[in-house]
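K.L.:
First, the structure itself, so that you have it in front of you.
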Amino acid sequence: MKFWLNLLMGFLIAANFLAIYFLDEYVDRWFRFGATFLFLLIYILKYFSNYRLLFIFLLLALCDGLLVYYEIPFLKKIIYTVRILAYLNIILLIAPSLSKLKLNLFTVLISIFIITIDIYLLHEMAKSLPKSDQNPIFIILFYLLGITSLAIAAVSMSYLNRYANKAGFYLVIVSFGLILSDIFFYNAYYLDFEEFYYLDRLANIIAISFLLAFGSTQKITGSEANIS
């Protein structure tokens, strides 16, 4: 990753940490949105090459913007929907490069086992949600976010295993960063472990920084990704 992007990432992490420490929760969420929006602008002005990747940046920026008003039930459902759409588009961005990937029986069985464990953990997490969120629509979105999170992790790891290049490494950081951000936010918001807000912000900024780094390495032609 380029030196200036590392510096920018470090600056945004420090600024967000200070915002979390000194400002109230409502105000510090704007710093999260500001970081994501800045990465979106850089991608548009400097690295734009693919409309789906642009759409992913737009969805992530929209998600972080709406997160400021997370306590509004209707917007909370929209936030989860937008996040799911962002993850699905990451999968669709990578999937064409994996069209000829062959799976053996062992891989399929391991995948089924991991999915089963994931659904069980999601069920346990869902039980900790407050009564205000215990409605069918939100619960469905909660499970869908968890399943799509598992999917982007699997797809990005498959991409890295197949191509073993810098772009694949970036994608793994992006996927795990976004997943960890979701988990840390859950721990901070729903379980009242406020220290996890720092980890949430750290993981989110790192993930989107590496998404920008991935965008800088890619020249997408049609459905095929060529490493520049």
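Residue numbering: from 1, along the chain as shown.
Each Cβ is built from the backbone N, Cα and C atoms, and glycine gets one as well.
According to TrEMBL, the protein carries these features:
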{"type": "TRANSMEM", "residues": "7-23", "note": "transmembrane segment"}
{"type": "TRANSMEM", "residues": "29-46", "note": "transmembrane segment"}
{"type": "TRANSMEM", "residues": "53-72", "note": "transmembrane segment"}
{"type": "TRANSMEM", "residues": "78-96", "note": "transmembrane segment"}
{"type": "TRANSMEM", "residues": "103-122", "note": "transmembrane segment"}
{"type": "TRANSMEM", "residues": "137-160", "note": "transmembrane segment"}
{"type": "TRANSMEM", "residues": "167-190", "note": "transmembrane segment"}
K.L.:
What same-chain residues lie close to the transmembrane segment (78-96): Cβ under 8 Å, and 6 or more beyond its ends?
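P.N.:
Distant Cβ neighbours of the transmembrane segment (78-96) are 50, 52-53, 55-56, 59-60, 62-63, 66-67, 70, 138, 141-142, 144-145, 148-149, 151-152, 155-156, 159, 171, 174-175, 178, 182, 223-225.
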K.L.:
Counting Cβ pairs under 8 Å that sit 6 or more residues apart, are there three or more between the transmembrane segment (53-72) and the transmembrane segment (29-46)?
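P.N.:
Between the transmembrane segment (29-46) and the transmembrane segment (53-72), which are separate recorded stretches, there is contact, as judged by 3 or more close Cβ pairs.
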K.L.:
Given a Cβ distance threshold of under 8 angstroms, which distant residues of the chain, six or more beyond its ends, lie next to the transmembrane segment (29-46)?
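P.N.:
Same-chain contacts beyond the ends: 8, 12, 15-16, 19-20, 23, 53-54, 57-58, 60-61, 64-65, 67-68, 70, 201, 204-205, 208-209, 211-212, 215-216.
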